[in-house]
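Sequence annotations record features per position, and here TrEMBL assigns region 'Disordered' to 1-28. If you look up TrEMBL, you'll see 16-27 marked as compositional bias 'Basic and acidic residues'. Residues or ranges marked as transmembrane segment by TrEMBL: 59-80, 100-121, 128-152, 158-178, 183-202, 214-234, 264-282, 311-334, 346-371, 391-413.
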Amino acid sequence: MSDSDDRSRVPAGSRETTETDDQRAELEAAAARDSATTSATLDASLAQRLAKAVTGASVLTTLLAIFSALVVGAFVILASDEATREALGYFTARPGDTFAAAWNAVGGAYGALITGSVGGVGQLSETLVAATPLILTGLAVAIPLRAGLFNIGAEGQLIAGGLTAALVGFTLSGLPLLVHLPLAVLAGLAGGFLYGWLPGVLKARTGAHEVITTIMLNNIAILSTNFLLTTALFRRPDRTDPISRSVEESARLPRLPFIDSQRVNFGLIVALLVAVAMFWFLERSTRGFEINAVGQNADAALAAGMNPGRVVILAMALGGALAGTGGAAEILGIHHRITPGFSAGLGFDGITVALLGRGGVGGTVAAGLLFGALRAGGRTMQATTGTSLDLVVVIQALIIVFIAAPGLVRAIYRIRTADTGTQIAKGWGS
């Protein structure tokens, strides 16, 4: 008996029910596809809006954001200072005591912050040491940001670069410095490159959001480091605590000869050379133009014959390579070994550096130097005045709040901007 005969024997009501179910399934599948497309479009739109809000902020807005963060930080200092709180108890009787205590607290803390960062050759050296990886991780976030991508994974990419650089640094021996050191640096670059390339491919091929994938890869890198330090490949044979073998002398970044007895090394020169190369790449090369074009409008870039998927992969991989170079500089120039938590949040601080630098190369370098000064000066501030080092973290967070909401800064300081068109609704970021 043929299939057509079987279908002819099915009651009409059953056929109608089957057809209705099939139509409902098709409608649900179409709705799911539309929902996924809408979600991906919204995700891309949010990332691009953030990139435009940050990169479009004026220099004045950026400076006022830093000033506002310092003002709010001053109130945090006052709230935590015992002498100020005590003087506030009899403010109406002797207001001068309260103002004097407040001045001493804020002036002492910020004065120690400045002295500890640029108060001498040693302090300036520590600022440059802290700024070196921040410049590289800041660029690792800034380059994808120019493409409309938010690279949260600089921390994991820095760890990957540090691990691979250390592995080459202590497994190879007997090589001259001119061979061993470049190999170790390139290994760090390659490790970060691969760790940035993976979320780029996932974004371009499957639509997986780079924020989610890079956050997960950060956790994998941190936990993998802890595991590797328990293996014979990494762990130092004469130690039971989690610490790796030391990299060979031939793989260590030499210290700068014109600053004797200080920790600043050729990693700073590498970071500055990389910054110059990235400026040329973004402003003068074809691929750099494509990154900027996709970040401004991916649909227009596609219509112009560009390949947004390839640009996404390139931007994320390049960001990973920069962060990996930062990890190599930190291991080969400062620590000379792997320990748990050696990254010290440098990748996460790179996000702040890139946002403060408005996604530009010059701004990112300047922001890296500023945050390096905050890191170096914060230790002196805590040692001399007792003000917690966490104040530096508070100031960094406040800077990001004000940078991400330029409209809030303009509203506080009554800065007028030229109207660019009619808007139905405005928000702080407008």
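Cβ atoms here come from the backbone N, Cα and C positions, even for glycine.
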Two-stretch contact, the transmembrane segment (214-234) and the transmembrane segment (158-178), at least three Cβ pairs under 8 Å:
yes
Sequence-remote contacts (6 or more beyond its ends) of the transmembrane segment (59-80), Cβ cut-off under 8 Å?
102, 105-106, 109-110, 356, 358, 363, 370, 387-388, 391, 394-396, 398-399, 401-403, 406, 409-410, 412-413, 415
Range from 100-121, 158-178, 311-334, 391-413 with the greatest count of C-beta pairs under 8 A to the transmembrane segment (346-371):
391-413
Short question: which residues 6 or more past the ends of the transmembrane segment (311-334) have a Cβ under 8 Å from it?
129, 132-137, 139-141, 143-144, 146-147, 149, 151, 153-155, 157-166, 169, 181, 184-185, 187-197, 199-201, 203-204, 210, 247, 251-253, 263, 265-267, 270-271, 274, 278, 287, 290-291, 294, 301, 342-343, 346-347, 350
